[in-house]
Amino acid sequence: MEHESKNKVDGMEMEKGKKESGSRKGLELTMRVLALVLTMVAATVLGVAKQTKVVPIKLIPTLPPLNVSTTAKASYLSAFVYNISANAIACGYTAISIVIVMISKGKRSKSLLMAVLIGDLMMVALLFSSTGAAGAIGLMGRHGNKHVMWKKVCGVFGKFCNQAAVSVAITLIASVVFMLLVVLDALKLP
């Protein structure tokens, strides 16, 4: 009798362990899909951000201003190109890691767990650094810099600046999702 109840308890514990493992895997898969969507959206929003405006330039105070058509594009600023590239790399990595998680079906070796953990950690570093770079340039565009005589450009290119700000915010959220994935990965290590 005692042996049977022990088996039942062990059986219940085993089923409970499977449920926790399945729900943890489901959480991981959901977070990876979320990271995939966030990085794809962030790269796309900033990649297509473009605005053209006619800007009056006054060359000589006595003459009327000269109207010049000016375009703001993400490809004109290296920090924005870096942000787009970082999001594209993270998106590609996430697609690969989703396939690995789905194929492994809970049978991941320690070396595979470590590889995914290191990959996730690299994405955290990459995305946080690109967020910082793009955010710094975005703030410079929004507020200018009086010390070096850089003028605000977001007053002219408001739509472009807003798209850049949205992309940077989405990248920051994706960075946090990857950071949470690192924590989940670390909890799986034996």
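Yeah, the Cβs are placed from backbone N, Cα and C, and that goes for glycine too.
For the recorded site, Asn67 (N-linked glycosylation site), the DSSP three-state label reads strand. Sequence-distant neighbours of Asn67 (N-linked glycosylation site): residues of the same chain at least 6 apart with a C-beta under 8 Å from its C-beta are Val54, Val55, Pro56, Ile57. According to Swiss-Prot, the N-linked glycosylation site annotation covers Asn67, on the basis of sequence analysis.
Per Swiss-Prot, the feature region 'Disordered' maps to 1-23.
Summarising the annotation, Swiss-Prot assigns topological domain 'Cytoplasmic' to 1-28 (among others) and lists sequence analysis as the type of evidence.
Regional average pLDDT for the topological domain 'Extracellular' (50-83) in the model is 92. The topological domain 'Extracellular' annotation in Swiss-Prot covers 50-83 (among others), and the record cites sequence analysis as its basis.
Residues annotated as topological domain 'Cytoplasmic' in Swiss-Prot: 105-111 (among others).
The topological domain 'Extracellular' feature in Swiss-Prot is assigned to 133-163 (among others); the stated evidence is sequence analysis.
Residues or ranges marked as topological domain 'Cytoplasmic' by Swiss-Prot on the basis of sequence analysis: 185-190 (among others). Counting residues per DSSP class in helix, strand and coil order gives 4 helix, 0 strand, 2 coil for the topological domain 'Cytoplasmic' (185-190).
Per Swiss-Prot, the feature transmembrane segment maps to 29-49 (among others).
Residues or ranges marked as transmembrane segment by Swiss-Prot: 84-104 (among others). Residues 25, 28-29, 32-33, 35-36, 39-40, 42-43, 46-47, 74, 112, 116, 119-120, 123, 126-127, 129-130, 167, 171, 174, 178 of the same chain sit 6 or more residues outside the transmembrane segment (84-104) yet have a Cβ under 8 Å from a Cβ within it.
Tertiary proximity for the transmembrane segment (112-132) is limited to same-chain residues at least six positions away from its ends with a CB under 8 Å from its CB atoms, namely 35, 39, 79, 82-83, 85-87, 89-90, 93-94, 97, 100-101, 104, 168, 171-172, 174-175, 178-179, 181-182, 185-186, 188-189. Annotation source Swiss-Prot lists transmembrane segment at 112-132 (among others), citing sequence analysis.
Within its own chain, the transmembrane segment (164-184) has Cβ neighbours under 8 Å at 24, 27-28, 31-32, 34-35, 38-39, 41-43, 45-46, 49, 74, 80, 83, 86-87, 90, 117, 120-121, 123-124, 127-128, 130-131, 134-135, 138, 141-142, counting only residues six or more beyond its boundaries. Per Swiss-Prot, the feature transmembrane segment maps to 164-184 (among others).
Residues 24, 108, 110, 113-114, 116-117, 120 of the same chain lie 6+ residues outside the topological domain 'Cytoplasmic' (185-190) yet bring a C-beta within less than 8 angstroms of a C-beta in it.
Each residue in the topological domain 'Extracellular' (133-163) gets a DSSP state, and the totals come to 20 helix, 2 strand, 9 coil. For the topological domain 'Extracellular' (133-163), same-chain residues at least 6 beyond its ends with a Cβ under 8 Å from one of its own Cβ atoms are 45-46, 48-51, 53, 55, 70, 72-73, 77, 79-80, 82-83, 171. Sequence-distant contacts of the topological domain 'Extracellular' (50-83), counting only residues of its own chain at least 6 positions beyond either end whose CB sits under 8 Å from a CB of the stretch, comprise 42, 130-131, 133-134, 136-137, 153, 156-160, 164, 167-168, 171.
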